[in-house]
């Protein structure tokens, strides 16, 4: 945010948002560097592994029609499971890395994991966004990071939801690696806790559908926001810079 | 009179020392122990007095007893039945009535804190336990009384371990597994409907020879028999990995012995020794007979069901919807997709509308 601190003689009651600061400093602010490289890398790696996990996961639950010939000449299910487990590892490592980055990155990198539910202004922004999506407001607010609605949505699906999928996923994986493996030691407790192996399979499967529904909403709202809101979306997660379309203060 | 040792009993039954040593090696192997444990077993059996076992029956179908007495290796069966001092088992014992109940009290006082309590079936708790009366008293009272001075408790079968059929929804009698009634004793769960005979005799042999509980998993099942899924040791596993499944019970795949995953085999979610020990002297087990595993040794297998489908019916998982995860997920994704499409259409209309008025408001001084 070096670009906002250029105004040497800031007014005493300095406005807090970068946009407002910039306006107060008499500067036309059109771009803020929001998503640092690790965040962007995580986003796309995460997206890709989720895609792979959904496809292979679905195929594990409902396999392809039977192959003919000797079993020694095929390894279809084995390969699908291998890809699923590999993508699961990549997703889990990425998730861990993303958590670690939240400690080192800029303040926007922490938005995913917390939302200021104690702040009235947050909920005001939240309901303004709801109204904007319900076509009750003709113009949304400006946000440098995520808008409050997106932040809550992301927190519940991408943090809690992914954590649940990682926990149940590794618990199910540990059934194959066997007792005494580190997966079983770390995640094995999940299975009796949730009511047995079959139950964990079912919940893991339902989790996939929650994520698929998330993808539909996420992709749609990002494209819609990119076209209709006051800041850039797709380019922001690609090159990290959020561009604003206007310099209005609110 | 001091109790006879196992060895003395066996000799009295006409078993040669050679056979006895063979039995010890076999038992060591069956328990997953190395050959160096065979002499230890022999030593224990030669010196240790027999441990009294009291075998109680609650709400059950006696399939555990039926399985137990069919313990495949004849030597194992003979030996186990004579080596444990099975002092009370109302199904197998000769005495009845007051005479039988008197034995219970006698063993309980004489071997206080030293006998093993084996429970087959479970106590119903509704109506003060009136759904299962033993000797004129609710079974739950007998269970609590005998458990008080027991060294350890073995929960035979899924009934005692998890509740099984009589605890299935709606469970009118409130049949309750042993570990939810007795809290202060070590409990070994040996689930299965019934458990495999060799598993039962194996657990008992281990406890008697080593005078300690077998290593248990998180759910209290002996690791030596319940640490692996049926699926992991299934002889049809190569067909699973290859992608060759029985699609319906009368198809080509069924005749060729392909994997039963798609017709609901619960092998991948069931921990038991069926695919290694098998049944009836290793003759066969359900999957070998062409029918999927129904997961009888898993908690709540009656209610969780979907015995003939891979994906569980959510109704059985307590969601109250008669559909599987994919059906629910497709409807949800379809609904959200349709909602998104409508939202997109309205957005486009609004935007077109807004663009027209936008120019006008901008010139008027730009309020939103």
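Placed from the backbone N, Cα and C atoms, the Cβ positions cover glycine too.
Mean pLDDT of the predicted structure over the domain 'Cytochrome b561 bacterial/Ni-hydrogenase' (A:34-238): 92. The domain 'Cytochrome b561 bacterial/Ni-hydrogenase' annotation in TrEMBL covers A:34-238.
The transmembrane segment annotation in TrEMBL covers A:41-61 (among others). With a threshold of 8 Å between CB atoms, the same-chain residues lying at least 6 positions outside the transmembrane segment (A:41-61) that come near it are 35, 77, 80-81, 83-84, 87-88, 90-91, 94-95, 97-98, 101, 204-205, 208, 211-212, 215, 237.
Under the heading transmembrane segment, TrEMBL lists A:82-104 (among others). Within the chain carrying the transmembrane segment (A:82-104), a Cβ under 8 angstroms from the stretch's Cβ atoms is held by residues 36, 38-39, 42, 45-46, 49-50, 52-53, 56-57, 60, 110, 112-113, 162-163, 165-166, 169-170, 173, all 6 or more beyond its ends.
Non-local neighbours of the transmembrane segment (A:149-172) in the same chain are 88, 91-92, 95, 111-115, 126, 129-130, 133, 183, 186-191, 194, 197, 200-201, 203-204, 207-208, 210-211, 214, 217, 221; each lies 6+ residues outside the stretch with a CB under 8 Å from one of its CB atoms. As annotated by TrEMBL, transmembrane segment applies to A:149-172 (among others).
Sequence-distant contacts of the transmembrane segment (A:206-223), counting only residues of its own chain at least 6 positions beyond either end whose CB sits under 8 Å from a CB of the stretch, comprise 50, 53-54, 57-58, 133, 150, 153, 157-158, 161-162, 164-165, 168, 233-234. Among the features that TrEMBL reports, transmembrane segment is placed at A:206-223 (among others).
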